[in-house]
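Record features (Swiss-Prot):
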type: TRANSMEM; residues: 11-31; note: transmembrane segment
type: TRANSMEM; residues: 44-64; note: transmembrane segment
type: TRANSMEM; residues: 77-97; note: transmembrane segment
type: TRANSMEM; residues: 111-131; note: transmembrane segment
type: TRANSMEM; residues: 148-168; note: transmembrane segment
Amino acid sequence: MKKQDISVKTVVAIGIGAAVFVILGRFVVIPTGFPNTNIETSYAFLALISAIFGPFAGLMTGLVGHAIKDFTTYGSAWWSWVICSGIIGCLYGWIGLKLNLSSGRFSRKSMIYFNIGQIIANIICWALIAPTLDILIYNEPANKVYTQGVISAVLNIISVGIIGTILLKAYASSQIKKGSLRKE
């Protein structure tokens, strides 16, 4: 089996992606009124980075970005949700493997595929895994954390569905379409 190294491009993408994730997570959020639950723009950006650079970059961007955001905001990380940010980044990257954004195409079919995938991924991560980890790690009350999880899942589905789709479409549109250049 051939060993695959992580490219410099991927490492740089993780670093820049994590930094942007922190900035968006700290300064571009809309409070919902429910404790520790906001409309997050950072996950739409995470979907873009993950779709472009793949599951590993998504995993690391989500983990590092969320951990730094928590440390700079609260003084410590809420590890159950940090882990889920990594998982969701990996899932966005896995979904992105089928999109082929570098071809310059992000069709209606691709948008539907992306959005069905991100809806399923967000429900699994935020409505199921994060609250369960909150109970196992922090002994949090189930009704509180599952309510937070469901609200977060719905808000992330909306944010990624709108902002993420726009970002992916804009990125694909900036790529040179295959076969668009002809020799004269």
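Note that Cβ sites are derived from N, Cα and C of the backbone, with glycine treated the same way.
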Could you tell me what the rest of the chain brings near the transmembrane segment (111-131), counting residues at least six beyond its ends with Cβ under 8 Å?
-> 47, 51, 80-81, 83-84, 87-88, 91-92, 95-96, 98-99, 140, 142, 145-146, 148-150, 152-153, 156-157, 160-161, 164-165, 168-169
Intrachain residues whose Cβ lies under 8 Å of the transmembrane segment (11-31), provided they are six or more past its termini = 38-42, 45-46, 49, 52-53, 57, 60-62, 64-66, 68-69, 72-73
